[in-house]
Every structure is written in C-alpha cells, then in structure tokens.
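What TrEMBL records for this protein:
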{"type": "TRANSMEM", "residues": "12-30", "note": "transmembrane segment"}
{"type": "TRANSMEM", "residues": "50-68", "note": "transmembrane segment"}
{"type": "TRANSMEM", "residues": "89-110", "note": "transmembrane segment"}
{"type": "TRANSMEM", "residues": "116-136", "note": "transmembrane segment"}
{"type": "TRANSMEM", "residues": "157-174", "note": "transmembrane segment"}
{"type": "TRANSMEM", "residues": "186-208", "note": "transmembrane segment"}
{"type": "TRANSMEM", "residues": "238-256", "note": "transmembrane segment"}
{"type": "REGION", "residues": "286-318", "note": "region 'Disordered'"}
{"type": "COMPBIAS", "residues": "300-310", "note": "compositional bias 'Low complexity'"}
Amino acid sequence: MNRNNVHERIPWLAWPSVLSLDAVLVAVVWQQLLLQGFCDRGSTWPEAGSLGATVWLIYVADRLLDAVRLDVSAPHTLRHGFYLRHRRVFIVLWIAVLTLNAFVVVHYLPHELLRGGVLLATAVLIYGAGVHFSPLRSPVLPAERRHDVTGRLIPKEVRVGMLFSLGVTLSVWTELISGGTSGVGLVPLTVTTGVLAVLFAGNCMLVAQFEREMDEAQSFPSIATESCSPTRKGRSRWVSATILSMMLLPLVLLVMPMPALVLLAAAMSAAGLCVAATIRSPAQPNLDARQRARSQRACGQRARGQGAHSQRARGQRGARGQRACFDVRGAWVDAAVWAPPLTVVWLGLL
C-alpha cells in the first residue's frame, strides 16, 4: 500500500467495514434468525430495512465524527481515512437514508415497535454524546481526573454490545410482550439477549485490541488504549472476563433455554471469536518501527493530558502521506458474528 497515494487501493475484505455494511449484515441476519426461532416467522421488509438503515446511520455518524479529529500524518485505520476523504458524499447519503428511514419507520412499523425504537434510539444518542462530546475528551482536563472517571465507567465496547443486542432483539421483545407472553416465556429471550450482548461486546473488544496502535496514535479512546492509563488493570479484567465468557459460551449454551437454531448460531459465533482472538497480528507495511514508536509516545502524551492537543497540532502541520492501516483480523472477527446466523438461516430456508 503506497503511503503517498491518497487514493489507496482498498482490499476487498475491507469494503464491508469501509462502507459500514458489516454491522448492518450482523444486525439483519440475527434479527431474521431470532424472529424465526422465537416467533416462527421471518422479518418483514420494514423491520429488516429500518433496522439495517438505523444501524448504518449510527455507524456512519460515529465514523464521520471520528474522521473530523483524524490526524492524517499519524497511523490511522483505512476506514477513518476513507470517511475523511469522502465525508461530503457520506453526509449527503446519511441525510438521504435518514429521510427514507424515517418515512418507513413512521408509516410501516407497528406502533409498539416504534415506541420501543424511540426509547432505544434515545439511549444510543446519550451514548454517542458521551463518547464524542464528553468533557472528558478535552485535552485541558488533567489526565488523573480523566482516567479516574473513565476507570469507573462501563467500557464503551460493553455498552455497544448491550445496545446492539437490544436493537437486534427489539422486534422479538415487542411481539412477545404485545402478544401477552408470560414471564416464563420471556426467560429464553432474556438469556438470548444477554448471550448476544457478550458476543457483540467481545467482537468490539477484539477489534479495539487489533487497532490499538492506530487508536493510540489518534488519541481515540477504547478499552485497549486505556491500558496505558492507571486503570489498565481494571480494563484488562473486562477484556479477560469477556474472552473467558466467549470461551465458555459453547459449553454453557448447551444448558441454556434457547431455540435450537439460535443456540447453534451463538455457539458457532463464540467459537469463531475465540479462534480469531488467537490469530497473530499480520505484518503491517504502513506501521513501521518509527510509527509504532510514535503511537507509543502518543499513549504517553495522553496519559499526561497532552495527547489530543498534540495530535491535532500535528494534523494541522501534517504530511500529505496517508498511513492508513487495515488489519484483516477485524474482517474475520466480524465474519464470526454474521456468518453463523446467516448459514443457519440459509439452511433453514432449504
């Protein structure tokens, strides 16, 4: 990959992530499988379309906000560089998809599902505001204060896993509750929602671990970059606990009260994530020793409360060369959470 070429060739495995379609695929296939397992029907086009569009809108907004702060002279991910270069196109698409999605949601979704979606959307907005506009991201805030507060918060990867799981299962929750299902009947769905939250959080944690050096260079907060802070032991425990949970899930799921097809897909996803976690990092031609040292210095600067300011200053002076990196392990980790449910759904159709 040529660092000096702004329009770098994008590997085909990177396109789903670059276009924010990976999360859409995960959400839609799990929704389809869950509705088949719990409600004996497939998802309708308004349900699948509105969920996919909503997930796409959330992920694109998150990446556009990250791209605003991107320092192109420092190591960064391929998708962040892509969103920075094509931000105007994505803003236009975002507005168009938002308008179309609002029309579909208002005119075609059941009112019960719409009410639940509004509540969940509010929670997502609160989460997004906390991540992107929190005073804790200010470079003038003392590092000790920032790490003290963030160390007491639930890691954002865990929050993403919980919100994503609730979004994927929302149609099932709405149908079972509106249909008068007893509390006992909701137990399997509660268990399934918790299991999916662990899987999705584990996916986010592994991606954060794979992209740690780029996030450190950009001063992007994640559970992996926090390991250079005084709270590293607490954060490491979150990662260890989640990975251990994924390792045990295939065995624990055998006694879980879940539909058989959902259980099978969840066990396959957990096994896939465990395998992906053991894959060693491939050589990154764009992340040489000098750049690695730079990202490590950025980690130290952030610990002193200076990282974000220095990264922005370097971005303003920055070189034209784009040091965009793509870790193929991220694609495998994403495939681990969408391929099993897609396979099970496809086999069910046969």
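The backbone N, Cα and C atoms fix where each Cβ goes, and this holds for glycine too.
Heads up, TrEMBL stuff is auto-annotated, nobody curated it.
Outside the transmembrane segment (186-208), and at least 6 residues removed from its termini, the chain residues within Cβ reach (under 8 Å) are 26, 30, 34, 38, 155, 157-158, 160-162, 164-166, 168-169, 172-173, 176-177, 215, 222-225, 238-239, 242-243, 245-246, 249, 253, 256-259, 262, 266, 269-270, 273, 276-277, 329-330, 333-334, 336-337.
A contact between the transmembrane segment (12-30) and the transmembrane segment (157-174) is present, since 3 or more of their C-beta pairs, 6 or more residues apart, lie under 8 Å.
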